[in-house]
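Participant: Annotated active site, charge relay system per TrEMBL: A:LYS80, A:SER155, in sequence order. Residues or ranges marked as active site, acyl-ester intermediate by TrEMBL: A:SER179. Summarising the annotation, TrEMBL assigns domain 'Amidase' to A:25-471.
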Amino acid sequence: MSDLTRMTAVEIAALVAGGETSAVEVTRAHLDRIAAVDDRVHAFLHVDTDGALAAARAVDERRAAGEELGPLAGVPVAVKDVLATRGVPTTVGSKILEGWRPPYDATIVQRLREAGTVMLGKTNMDEFAMGSSTEYSAYGATHNPWDLSRIPGGSGGGSAAALAAYEAPLAIGSDTGGSIRQPGAVTGTVGAKPTYGGTSRYGLVAFSSSLDTPGPCARTVLDAALLHQVIGGHDPRDSTSIPQPVPDVVAAAKLGATGDLTGVRLGIVSEFVGEGAEPGVMAAFRESVDALAKLGAEIVEVSCPTFAYALPAYYLIAPSECSSNLARFDGVRFGLRVGDDGNRSLEEVMSLTREAGFGPEVKRRIMIGTYALSSGYYDAYYGQAQKVRTLITRDFTAAFERVDALISPTTPSVAFPMGARTADPYQMYLADLFTIPTNLYGGPGISVPCGLSEGLPVGLQVMAPTMADDRMYRVAAALESAVGTFTPPAL
Amino acid sequence: MAAISREEVAHLARLSRLAVTEEELDMFAGQLDVILQAVAQVGEVAAADIPPTSHSVPLTNIFREDVVTPCLTPQEALSGAPDAEDQRFRVPRILSEDVAS
């Protein structure tokens, strides 16, 4: 049999369902691959060998008993370390949660288990999902499988790198400002941010609650859609979960794969194709636009003038919510406690614990948020950012009256060298320039590989109206059918 | 002109319950100044009469039926605690001794 780790989730599930291979065999192949390459890639923070093999055996037993298996049964999945996994270490890439084994599963993890997928382990990430390179992980950076000296994107660089390194065919990420789409773009993989509220946040360690959106990562658009279908949908445990069925993203991906976009109107965001992106990225994007036009799509330019203010608005709103959310890390209920010598007060112990447990980027954001929310500055910073959020939403709404979906490059540049931006936090923030508006609006966005620049992957982003996730899958699958998928050099 | 001084950063650190070091204060003061000057661009947008958006999904209170469902045992709930005693989270002292006595 050909290499199981090179297969799509669809192919693996078919082989398992047909009895041509076993879930255990599939799982072992991926665990072997992780053992062979992850010392160089460092996509995983924890590999759950025993749990994965037990889950795989359970799938094989169910098949042997004649039970009907779901569409992803027996397919391995890597889970970003931001989601609580019962009994399996969950760190959020932070020292403050080192050694924590949650007593419960996140809803998404529970749905993955019920679907018969096999969780291989937990993937590396920027601490608390704050960053664009995984270099802010407290456990060391992940390396881009395309070029180990470059960043794999962030915060979900571990999940994206695991896919690009063939350590897993599917992965889960979370996207607050681009943490699924930007790593997808720079690793040549597919990353989808669902509509906010379309996937449950229950058991997702909170960073910015009005923006955090877990979602699927894969090597093909159809695989991502299948994973989206499994994890998505209403969850009574998340009060911001939308009580509607998931749009039929799988049917949309299959429709898109036929390569016909007749009657689909796509809008290029004018503000994102000027000087903001590097020439190689723009060249790949322009070629993809031509390809989409050849498939029958009508292409127009749409101006969204307030998108220019999305980045500053985001870096007020997200840190404000983070400064509030991360107050729960107080050294009392879980995780680290430092300096409790019997003499120090609770407040001293709390301050020492947070000082020792949080890394520099988390501290910066907590302090920015504390500043933006303080009484003298609230109106000028947080209040004004919320008004800009309204205007950005209006730009999206107006654009979607003219077009079915918006397109842009996913990122301004290809994967940058490690260390290039760590000394200048604001330069790091610019990596999310094109992905942030979608988060403020709440709609879905997907990054799909569209070409190479200097031998490194470039992603194209498709943005759709709220609860029209199916539309972006159709466009992304159509583009994929035209440009194909991209394979990194052998590790 | 700097948007934020080293003293203000020290104050923010105290409000944030972060026992930062002197070296960190030097580093953060410069970095937060760059970030705050950049995000202050939101002030350029004319938005006086624009309502704020706190959330993309229109929210109302969500209620559920008042039924008993399974939940964590005390043991499970305390399983990640740095310190526990008598089925409770044990915390460092909150009051100073002369107040407590």
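Cβ atoms here come from the backbone N, Cα and C positions, even for glycine.
All annotation found in TrEMBL is predicted automatically rather than curated by experts.
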Participant: Across the domain 'Amidase' (A:25-471), what is the average pLDDT of the model, as a whole number?
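Facilitator: That region's mean pLDDT is 97.
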Participant: In three-state terms from DSSP, label A:LYS80 (active site, charge relay system) for me.
Facilitator: strand
Participant: Taking the Cβ of A:SER155 (active site, charge relay system) as the reference point, list residues of the same chain whose Cβ is under 8 angstroms away and which are at least six residues distant in sequence.
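Facilitator: Expected: A:VAL82, A:GLY93, A:MET125, A:ASP126, A:ALA129, A:MET130, A:GLY131, A:SER132, A:THR134, A:TYR136, A:SER174, A:THR176, A:SER179, A:PRO183.
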Participant: Excluding near sequence neighbours, so keeping only residues 6 or more apart in the same chain, what lies with its CB under 8 A of A:LYS80 (active site, charge relay system)?
Facilitator: A:LYS122, A:THR123, A:MET125, A:GLY156, A:GLY158, A:SER159, A:ALA171, A:ILE172, A:GLY173, A:SER174, A:PRO214
Participant: When DSSP states are folded down to helix, strand and coil, where does the residue listed as 'active site, acyl-ester intermediate' land?
Facilitator: coil
Participant: Including all protein chains displayed, how many Cβ atoms other than that of the residue listed as 'active site, acyl-ester intermediate' lie within 10 Å of its Cβ?
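Facilitator: For the residue listed as 'active site, acyl-ester intermediate', the 10 Å Cβ neighbour count is 36.
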